[in-house]
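S.K.: Dumping the structure here so I can ask a few things about it.
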Amino acid sequence: MAANRESPNRSEDKTLSHIQNEVNRKLKYISLAILVIQNASLILSIRYVRTLPGDHFFTTSAVVMAEVLKVFTCLVIILIQQRGNVKNFAMLLYNSLFVQYLDTLKLAVPSLIYTLQNNLQYVAISNLPAATFQVTYQLKILTTALFSVLMLRKSLSKIQWISLMLLFAGVAIVQVDQESGKQKETLTSPNQNYVKGLVSVIISCLSSGFAGVYFEKILKGSSASVWIRNVQLGIFGILLGLLGLWWNNGTDIAEKGFLFGYTSLVWGVIFNQAFGGLLVAVVVKYADNILKGFATSFSIIVSTITSVYLFGFHVDLVFTLGAGLVIGAVYMYSLPKSNTGVSSISTTSSEHSKGGVSELEAFLPKSVLVK
């Protein structure tokens with residue numbers, strides 16, 4: 001009799017489990033689509049607005065505006081988490097930002113680097129074809145891996161080391177192809193400088209790798225929520241961004257205004273910057289590392305194809321070979337390691353849990369363009 005009573009419950013549990021698995025499977029592919037769109041659209045949209053004829057907006061002001069929007073969003077999320085209790089909200093911010101001021105000051109270093117990285121990415125995308133930037137920017141995987149080995153004493157699997165070598169080789173092939181002069185006709189504007197763009201993207205990759213690992217080290221030793229951390233980063237980002245704005249464009253902005261050159265397309269870029277990473281951070285928990293690697297690889301293909309139609313980018317055999325190596329390397333790097341392997345650069349959720357950091361929280365700071 002007892003067995004008969006349990007049977008319907010087990011059947012119901014199996015049905016619910018099947019439904020949950022189906023929902024998770026659909027969410028994975030939705031996450032994949034969002035990751036591809038976010039990765040490709042940001043690069044392409046920045047490239048597009050920076051190559052349009054006419055007055056261009058100040059990139060330093062766009063960096064500051066994106067930070068302001070990101071901080072505002074995080075504050076709203078924190079307020080919602082406090083169930084709209086303004087007093088608790090204010091006390092939490094006061095305690096996190098001022099009482100624990102030494103903890104807050106630790107974020108000044110990565111914030112400075114992220115602000116520099118943000119501005120450099122604008123410079124790089126303004127001077128490089130979108131597809132070339134997208135391929136070259138994957139060097140951030142290499143720099144992050146190397147800094148993780150040096151600073152966090154992490155170990156990489158043989159497949160990961162091989163993928164990093166393939167990644168470097170692929171980027172080198174693309175750059176040789178670009179330097180050969182076959183693609184230089186795509187740089188139609190006299191204001192574009194290929195060398196300047198290349199140096200900017202390389203420095204951006206170095207800064208991204210160091211700042212990401214440094215931030216991970218801070219997160220592992222902290223119990224603060226990711227939203228508080230992003231508020232702390234954002235405050236420093238706004239202040240440092242304003243300093244950079246004054247240094248580079250102070251006179252021009254005083255004359256023309258902070259929002260000079262802003263159009264609906266520019267606002268779209270800024271909103272993508274500010275909210276794109278937050279959105280990806282929310283959906284990425286439904287996608288495993290393989291899907292994330294696939295999304296990055298597929299976004300390179302999307303960027304390349306779109307660049308052909310939008311910017312007249314010419315794809316030849318050498319570029320295809322280099323891009324193909326990079327795409328394969330990114331995918332290989334994201335493959336799960338065997339149980340006997342040592343911890344990889346892509347820290348697992350269980351590892352983050354030991355340090356008080358969830359997978360979502362660890363991913364977020366690195367997913368946002370400014371982070």
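Each residue, glycine too, has its Cβ placed from N, Cα and C.
Quick caveat, the model's predicted, so the values are computed rather than measured.
Reproduced below are the annotations present in TrEMBL:
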- 29-49: transmembrane segment (TRANSMEM)
- 61-80: transmembrane segment (TRANSMEM)
- 92-115: transmembrane segment (TRANSMEM)
- 135-152: transmembrane segment (TRANSMEM)
- 159-176: transmembrane segment (TRANSMEM)
- 196-215: transmembrane segment (TRANSMEM)
- 227-247: transmembrane segment (TRANSMEM)
- 259-284: transmembrane segment (TRANSMEM)
- 291-311: transmembrane segment (TRANSMEM)
- 317-335: transmembrane segment (TRANSMEM)
S.K.: For the transmembrane segment (291-311), which recorded stretch in the set 29-49, 61-80, 135-152, 196-215 gives the largest number of Cβ pairs separated by under 8 Å?
M.R.: 29-49
S.K.: Taking the transmembrane segment (227-247) as the first stretch and the transmembrane segment (29-49) as the second, find out whether 3 or more Cβ pairs fall under 8 Å, excluding pairs closer than 6 in sequence.
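M.R.: No, these stretches are not in contact.
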S.K.: Residues sitting near the transmembrane segment (135-152): Cβ under 8 Å, six or more positions beyond its termini, same chain?
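M.R.: For the transmembrane segment (135-152), the far contacts come to 121, 124, 128, 160, 164, 167-168, 170-171, 174-175, 198, 201-202, 204-206, 208-210, 212-214, 216-217, 296, 300, 322-323, 326, 329-330, 333, 345.
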S.K.: Determine which residues of the chain contact the transmembrane segment (159-176) at the Cβ level, with the cut-off under 8 Å and only residues 6 or more beyond its ends counted.
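M.R.: For the transmembrane segment (159-176), the sequence-distant neighbours (Cβ-Cβ under 8 Å, at least 6 residues beyond its ends) are 132, 135-136, 138-139, 141-142, 145, 198, 318-319, 321-330, 332-333, 335, 337, 344-345.
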